[in-house]
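One structure below.
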Amino acid sequence: VLRESNKLAEMEEPPLLPGENIKDMAKDVTYICPFTGAVRGTLTVTNYRLYFKSMERDPPFVLDASLGVISRVEKIGGASSRGENSYGLETVCKDIRNLRFAHKPEGRTRRSIFENLMKYAFPVSNNLPLFAFEYKEVFPENGWKLYDSLLEYRRQGIPNESWRITKINERYELCDTYPALLVVPANIPDEELKRVASFRSRGRIPVLSWIHPESQATITRCSQPMVGVSGKRSKEDEKYLQAIMDSNAQSHKIFIFDARPSVNAVANKAKGGGYESEDAYQNAELVFLDIHNIHVMRESLRKLKEIVYPNIEETHWLSNLESTHWLEHIKLILA
């Protein structure tokens with residue numbers, strides 16, 4: 001009997017990755033599936049995943065979610081809650097799913113599972129290492145050397161007469177959100193790059209992201225200029241953008257695409273930010289892409305989730321979808 005019990009326990013446990021270990025396990029937990037109904041099984045929390053398995057079905061029902069997909073964990077009901085499956089946990093996920101698990105109050109497993117989920121699903125908040133650094137599998141190749149930025153730049157034909165590679169950000173002191181090696185206009189020395197960085201939000205100067213192999217047309221990325229309400233200018237920044245335009249002999253105009261709605265860009269002037277003035281930058285055309293900020297996107301996604309999960313109301317589907325503005329946002333982002 002003991003051998004059979006151990007065998008069943010092993011079957012209920014998740015297949016562990018190297019460096020993964022079980023932190024908590026609760027038996028006789030019910031997963032409230034919005035599609036197939038309640039299913040009883042074993043819930044396991046590791047330092048990498050949330051794993052539920054039921055041996056009552058053939059084949060076994062398995063729910064396997066990495067902890068990184070969890071947005072928040074909430075308790076449902078109290079110890080005195082009445083009604084079947086009214087006491088447990090709800091795990092809200094970033095991929096639109098809500099995973100609901102019912103515990104038996106007398107089993108006292110909810111508190112332990114909740115605490116371990118809160119601990120390992122949000123490791124940074126609990127001063128714990130990310131699982132990526134606990135992962136112990138040994139690979140034949142050194143993953144840090146799979147990508148070589150110098151080789152990638154050479155593949156694109158960089159450096160050339162118009163563009164050079166600089167190590168000014170080797171210690172991430174110019175811009176802590178940019179890589180160590182940057183591609184910048186060849187005629188702009190590092191000392192001028194520092195002055196350009198002081199005029200750009202968080203030091204994000206315009207750097208090469210893509211270059212056409214034949215026409216030499218480029219896409220450079222940067223943050224907003226710090227013009228403020230007084231309309232400050234930077235001769236180094238203006239010279240820098242002119243150098244970008246001059247790098248393509250076939251063009252006498254530079255397009256500046258600002259991802260924000262124009263209203264947001266104007267409002268940012270009050271915070272010291274803003275946008276490039278066409279008067280200050282010769283032969284430049286400013287285009288606002290009208291992409292809203294993360295808060296608007298998150299609210300739109302929340303509304304989308306409400307109409308698609310767990311059920312879709314077919315009779316009002318199109319009007320409900322339109323009210324979320326989700327497709328409008330996606331169109332603007334992909335355009």
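Glycine is no exception: its Cβ is also placed from the backbone N, Cα and C atoms.
The following features are taken from TrEMBL:
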BINDING   Asn268, Lys269, Ala270, Lys271, Asn293, Ile294  substrate binding site
DOMAIN    143-335  domain 'Myotubularin phosphatase'
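Here the features listed in TrEMBL are placed on the structure.
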| residue | record | Cβ neighbours (10 Å) |
| --- | --- | --- |
| Asn268 | substrate binding site | 18 |
| Lys269 | substrate binding site | 17 |
| Ala270 | substrate binding site | 10 |
| Lys271 | substrate binding site | 12 |
| Asn293 | substrate binding site | 11 |
| Ile294 | substrate binding site | 7 |
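In the three-state DSSP scheme, Asn293 (substrate binding site) falls into the coil class. In the predicted structure, the domain 'Myotubularin phosphatase' (143-335) carries a mean pLDDT of 96.
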